[in-house]
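Student: One structure is given below, represented as structure tokens, and several questions about it will come after.
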């Protein structure tokens, strides 16, 4: 708060013309720099030194540069003019609102900063995660309606649950104002108690205490080495491969993965939830001759025997690949009815196949892919024979 007060005084003495130096004590405002709740009333007095030869009735007040009505004033003596402000609104900035006393020529005699806000409300949404077990980062949100309109300080506190001493996190991030990272002296296999304290000149509040083991809140780097390639000439499939997060290769854990993909000209991602712990997967049912963007993310499960799933990593950088063009699309057909019948039959057969797979196979499992490959070869042969028959009928 001291830095804020200094800023307010410097603003009054350096940035407004005709300021009389406060060090001369020609005038004083009381109370000086008060901190008040929203809705409070304030009566402030401007006292001028008798040797200045200025009568209080010739003075006037401004708030943030706007002159206050004379009906707000009261002449207490020849050297003292008060102003009363009722139902104060929240400060427009954390550096305070400027209440200034002027002489009849408009020169500033004295100034005060008003800080009008609320005490902190209990911080909420305290959440923590560990990147590869190397740190513990926690974030939270202000309670109530958010900011209190006056400078509020937040402290992330923590201790080992049974025998630790209370400590304060030191690495607060500037990019995320309500976040802090603990990077030293971390203990695995031991639960922590963590909470946030909020305080300002009107009061203080404490969040709920959360208890966690670092191994239960681990998130990894995204999977590395993501590649996407065609599956032979199958125009509706792409093969996706990746590697486990490098930082966790020496840990005892079993990861599970998710894949999401989208069309080049779309922002709508389709997520495959059931990839499991394998590091490859086949995307099927895609559009022929189309560019797809693919991403993979990881969730570490059971690190060092933890019974809880970890936290999903960020998605990997998008990797692009295109499916082959369909031979049927490229060859074309003049018989729209025959083509429509063929497409209708193919859609019906696809629907039947995927309905069977959903009942008997699981996600990207090798069994479902093997069956699908066999079925696709059979269907391609069937369509080739069908096309030959249709062309023979036309000739």
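Backbone N, Cα and C define each Cβ position, glycine as well.
TrEMBL does not curate its annotations; it predicts them automatically.
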Student: Given 298-320, 321-343, 344-366, which one carries TrEMBL's region 'Disordered' label?
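Tutor: That would be 321-343, per the region 'Disordered' entry in TrEMBL.
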Student: Compute the average pLDDT of the predicted model within the domain 'Fibronectin type-III' (122-217).
Tutor: 88
